[in-house]
Amino acid sequence: MSLHLHDTATRTMREFHPRLAGVASIYVCGATVQGVPHIGHVRGGLNYDVLRRWLVHNGYDVRLVRNVTDIDDKILTKAADAGRPWWEWATAHERAFESAFDRLGCLPPSALPRATGHITQMIELMQRLIDKGHAYAAGGDVYFSVASYAEHYGRLSGQRLDEVQQGESTASGKRDPRDFTLWKAAKPGEPSWPTPWGDGRPGWHLECSAMSTYYLGSEFDIHGGGLDLVFPHHENELAQSTAAGDGFARYWMHNAWVTMSGEKMSKSLGNTVAIPAILQRAAAPEIRYYLVAPHYRSTIEYSEPALAEAISAYRRIDSFVNRVRQRTGEVGHGTVPAEFAAAMDDDLSTPQAIAVVHNAIRESNAALDRGDDRAANEAAASVRTMTDILGLDPLSEQWADTRGADDAAHHALSELVGSMLQQRQQARAERDFATADAVRDRLQACGIAVEDTPDGPLWTLKDG
């Protein structure tokens, strides 16, 4: 089976055929760097990182571009409220976002363009649209004329043209309330850049069209982003890009939200879980597991029990790989089972793929119990390869390179506890239950609870 992806534009599963053989080009809408990143922000970046890893595993040369929106109304407002320059505020939070992606194991993007670094490309795109009759200037603003492209507008989102309303009233200079802003005229005290139509700053939609085609060409393979971006952002991107003559994206992918109490996680609602805060409660790979284990098009309803379940599941993988390494020596990389490949080719069905991982662990633990170290090592090597595709390989250098002080402490603890549990398992195998119980009691005295499961012993830190 070859890779099939759910395409938002056609609302169907489509077989992936890249524009250029052996090359995959991906543009992902990144963050508006207005504040501290939360788990809802980073979910999409992790999902598209898994897509990238799967494509690389299958031999593709992948070029992934993720933008940074570093000029926006919210950035200006928050910077002013904090008494800081807007650019300083944006830069600080851009670093926070990149640190979050790095700590959660995202491969660095091929390019990480900032909106403010591509004003020239935006001006060129606006000029093309004006020349073709699809945009117009009014009072220093520049607008896209939806009526001029009515036959094609709405094909991504399914939005009816007679229901479209794009915010500002016609009093702002718009000819039609459906038209959307490409360029905003300068206001006193705000940053601005010169254009043939007056000083100002870019509109949100214009930025992504200019940057994606600049780095990936006028037509590229996959455009990704959150479900909330389908309309108006991606609809407007598609309209302005194709109206200008670009082929633009061949496939559209959208990841679902992280919610809390049924509502999308959002700073405006005050229901977010910040990355720095959650990293105090769980190790980085455990958080990544929590966010990539569900299907990317399925909503994640955040709860502490669900997070705890994900932590336990990842620790089973971590404990297993380290148990095999301690027992059999170095664990390399192995083959990918057909069931895992089939799951990943089916629109990145990570729940099924992870089920294959846990099945392999159960079989390998059985091999260890019967003394078949060779089979156990081969299975562990396969588990390493599967988890590496998901960005979850417990032995990956990415965790050593990105681990902060808290993660380093957890890793050291994991190694020590794993060694003690191996001693306990050996004692139980030799029916030396007194020694096994003594090891368990020592761990419990240190605040570590041990649970014997079909996948092997699982340890957790006790509350309090």
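Note that Cβ sites are derived from N, Cα and C of the backbone, with glycine treated the same way.
What Swiss-Prot says about this protein:
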{"type": "BINDING", "residues": "Cys29, Cys208, His233, Glu237", "note": "Zn(2+) binding site"}
{"type": "BINDING", "residues": "Lys267", "note": "ATP binding site"}
{"type": "REGION", "residues": "160-180", "note": "region 'Disordered'"}
{"type": "MOTIF", "residues": "31-41", "note": "motif ''HIGH' region'"}
{"type": "MOTIF", "residues": "264-268", "note": "motif ''KMSKS' region'"}
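Recorded features from Swiss-Prot, shown on the structure.
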residue: Cys29; record: Zn(2+) binding site; DSSP (3 states): coil
residue: Cys208; record: Zn(2+) binding site; DSSP (3 states): helix
residue: His233; record: Zn(2+) binding site; DSSP (3 states): helix
residue: Lys267; record: ATP binding site; DSSP (3 states): helix
Inset, instruction - Starting from the Zn(2+) site formed by Cys29, Cys208, His233, Glu237, give every other residue of that chain whose CB sits within 8 Å of the mean position of their CB atoms, in sequence order. - result: Trp204, His205, Glu207, Ser209, His223, Gly225, Leu229, His234, Asn236
Inset, instruction - Any same-chain residues 6+ apart from Cys29 (Zn(2+) binding site) with CB under 8 Å of its CB? Would you list them in sequence order, or say none? - result: Gly44, Arg66, Asn67, Cys208, His223, Gly224, Gly225, Gly226, Leu229, His233, His234
Inset, instruction - Starting from the Cβ of Cys208 (Zn(2+) binding site), draw a 10 Å sphere and report how many other Cβ atoms land inside it. - result: 27
Inset, instruction - Note down the number of other Cβ atoms within 10 Å of the Cβ of His233 (Zn(2+) binding site), including every protein chain shown. - result: 18
Legend entry - Cβ neighbour count within 10 Å of Glu237 (Zn(2+) binding site): 27
Legend entry - Inter-residue C-alpha distance, Glu237 (Zn(2+) binding site) and the residue listed as 'ATP binding site' (nearest angstrom): 25
Legend entry - Per-region confidence, the motif ''KMSKS' region' (264-268) (mean pLDDT, whole number): 80
